[in-house]
Amino acid sequence: MDRELPEEIRNEICDIVLAHPSGLGMHDLRTRQSGQIKVIQLHLSLAEAHHRVANEVEYAIMEAFPQSDVIIHRDPVGSRTECR
């Protein structure tokens, strides 16, 4: 049965996102463990031209959690941030 990832892993995901030099905003973090796979979904606040940044963040999360399925929704700058 799927379950939410522990708080310490959710905090580590926030740290990975907020460590990116672009000063990203993030909200709506959703996680679950499905068998051996961690499913991580979040919204990033990005300027229109910075979609490359979402890929960099995705790869950083996948490096920290290799057996993960990471889904990033790109939102325009000015969206709320829940990890700051």
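Note: Cβ is positioned from N, Cα and C throughout, glycine not excepted.
Heads up, TrEMBL stuff is auto-annotated, nobody curated it.
According to TrEMBL, the protein carries these features:
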| type | residues | note |
| --- | --- | --- |
| DOMAIN | 5-76 | domain 'Cation efflux protein cytoplasmic' |
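In terms of DSSP helix, strand and coil, the domain 'Cation efflux protein cytoplasmic' (5-76) has 26 helix, 29 strand, 17 coil.
Looking only at the domain 'Cation efflux protein cytoplasmic' (5-76), the predicted model's pLDDT averages out at 88.
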